[in-house]
Amino acid sequence: MLAELGACLLLAMVLLDSDPGTQAMEGVKCGGVLSAPSGNFSSPNFPSLYPYNTECSWLIVVAEGSSVLLTFHAFDLEYHDTCGFDFLEIYNGASGDKGNLLGRFCGQVPPPPFTSSWHVMSVVFHSDKHVASRGFSAGYQKDVCGGVLTGLSGVLSSPEYPNNYPNNVECHWLIRASGPAAVKLVFVDFQVEGSDECMYDYVAVLGAPGPAHGHHYCGRTRPPTFVSLGHELQVVFKSDFNIGGRGFKAHYFSGECQEVFTAVRGNFSSPQYPGAYPNNIRCHWTIRLPPGYRVKVFILDLGLEEPNSLTRTCDFDHLAAFDGASEEAQLLGKWCGHHLPPPVTSSRNQVLLLLHTDRSTSGRGFSVAYIGVVPMNVSCSRTDFQILISAQALAPLERTKVYLGSRSCAAQEVGSNFRIQARFDTCGTESQRRNNTSVIVSVLYIDFSTAGHDDIHEYEVRCEPRRKEASAHLLSGSDLLGPYAATAEHLQEAPPGDEAEVLEGPGTMVTQDTSDIVFLGLCILAGVLMIIAIVVLMLL
């Protein structure tokens with residue numbers, strides 16, 4: 001108990017050291033550190049008028065591993081449309097870091113209940129030199145089982161996790177996103193007493209689509225990932241009178257901290273960008289494209305906490321990309337600081353980007369753009385190009401939206417593919433010399449434009465006629481890609497293979513025409529046979 005109290009006081013001293021704490025007019029006492037499991041506080045003189053020129057700061061610190069539930073009993077502050085005069089600010093952590101700000105409030109409408117994503121919360125009250133009102137009264141409590149969760153992200157777990165949970169408990173959590181955004185829930189650990197139909201101890205999630213809604217989960221198998229139909233998910237945990245387990249731990253993501261992108265091109269940024277991102281959050285962005293596509297991700301701006309000065313690794317705030325739909329997929333890259341990394345390309349049609357921030361130090365965050373790499377097969381002979389793209393990969397585009405050089409060289413639909421067969425003297429092709437090699441170059445256009453929005457993807461198609469080798473390169477010719485807009489990024493070349501496999505696999509192909517080799521081999525064989533015939537005739 002003394003150790004916990006000492007830790008709380010030490011944490012309070014550290015957090016208060018970064019903030020002036022209580023700054024009120026002479027003679028007014030307010031603010032301070034609240035470390036009891038629950039309590040109440042109010043503006044000076046409440047319910048009478050609060051004084052002018054007052055600033056009070058309360059730091060609420062409860063036991064590590066718990067959260068703080070803050071509710072308001074009364075609220076009456078001078079109104080202003082931007083709360084620029086008298087106001088109350090609520091922080092998810094220390095008030096010295098603006099990235100922790102949950103909201104600024106004034107007027108007579110009380111703030112909603114807030115639950116912190118960790119065991120620290122700050123409240124700041126400010127009044128100017130004009131107009132005073134009754135002020136506010138608020139209460140807080142250490143929230144160990146259930147509650148309303150409104151942050152961008154956070155953690156919920158069974159009571160006393162990772163120790164065994166107690167018997168005869170029932171917890172209800174309501175995870176609420178701001179506005180119309182969805183809520184995502186991911187279980188990272190799960191051990192609950194198992195039974196047929198999970199009749200004894202169980203976890204249930206309400207607000208998800210389909211049969212997952214209200215389904216009971218128990219045992220050791222982690223429940224699936226849930227995404228709400230609306231802007232709320234409810235989680236229920238219940239245990240009976242005997243037999244327990246380690247319980248569960250889950251991460252939730254809401255609002256601008258979790259999104260799924262399915263368009264073939266897009267961009268997104270960290271919460272509050274280019275303002276300071278919040279501390280102590282964990283955000284998921286999933287890019288999910290049709291099968292066969294790969295995803296190329298460009299970091300356009302990066303302003304995160306610097307790496308560890310000793311190890312030079314991103315141990316604190318960082319952005320990470322995974323080659324798949326979960327954090328268990330292969331890591332494509334992990335970044336922090338301010339140095340812009342090169343683009344990364346997935347090996348499949350899904351990418352997960354994760355932003356993790358710790359409890360201190362924030363920056364402006366990041367801005368990201370991505371583009372889907374269309375799966376295609378490109379080959380050439382000494383005289384022409386051939387391009388094959390699965391029509392299913394481009395659905396619902398019409399063939400006229402795919403063309404080489406100009407719209408007059410549009411693709412033809414052949415079976416289940418879009419096909420372009422073009423001679424080198426047509427379709428905008430031109431001869432160039434690169435690295436002392438003569439190449440034929442043209443541009444393939446794929447038009448994803450919709451009404452009022454231009455979106456044309458460009459690929460440079462290149463052939464070395466002498467070697468009959470062809471390749472395709474994504475041209476980043478859009479303002480969406482910022483500093484990469486003027487560059488041509490060479491996509492990873494996949495090994496040549498069967499045509500059917502090519503259309504289902506990675507997008508950029510290098511193929512070689514072997515017809516000349518076969519022809520030369522036949523000529524040599526014919527020559528050898530002719531010499532043998534002549535020798536036989538001479539011997540006769």
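In case you wondered, yes, glycine gets a Cβ from its N, Cα and C as well.
Some features that Swiss-Prot has for this protein:
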type: DOMAIN; residues: 30-143; note: domain 'CUB 1'
type: DOMAIN; residues: 145-255; note: domain 'CUB 2'
type: DOMAIN; residues: 257-373; note: domain 'CUB 3'
type: CARBOHYD; residues: ASN40; note: N-linked glycosylation site
type: CARBOHYD; residues: ASN267; note: N-linked glycosylation site
type: CARBOHYD; residues: ASN377; note: N-linked glycosylation site
type: CARBOHYD; residues: ASN435; note: N-linked glycosylation site
type: CARBOHYD; residues: ASN436; note: N-linked glycosylation site
type: SIGNAL; residues: 1-24; note: signal peptide
type: TOPO_DOM; residues: 25-516; note: topological domain 'Extracellular'
type: TRANSMEM; residues: 517-537; note: transmembrane segment
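Using Cα positions, the member of the glycosylation sites ASN267, ASN377, ASN435, ASN436 nearest to ASN40 (N-linked glycosylation site) is identified as ASN267. A 10 Å cutoff on Cβ-Cβ distances gives ASN435 (N-linked glycosylation site) a total of 5 other Cβ atoms nearby, all chains included. Cβ neighbour count for ASN436 (N-linked glycosylation site): 5 (other Cβ atoms within 10 Å of its Cβ, all protein chains included). When secondary structure is read from DSSP and collapsed to three states, ASN40 (N-linked glycosylation site) falls in the strand class. Ranking the glycosylation sites ASN40, ASN267, ASN377 by C-beta neighbours within 10 Å puts ASN377 at the top. As a whole-number mean, the pLDDT of the topological domain 'Extracellular' (25-516) in this prediction is 87.
Nearest Cα neighbour of ASN267 (N-linked glycosylation site) among the listed glycosylation sites (ASN377, ASN435, ASN436): ASN377.
Under DSSP, residues within the domain 'CUB 2' (145-255) fall into helix, strand and coil as 7 helix, 50 strand, 54 coil. With DSSP classes pooled into helix, strand and coil, the tally for the domain 'CUB 1' (30-143) is 3 helix, 55 strand, 56 coil.
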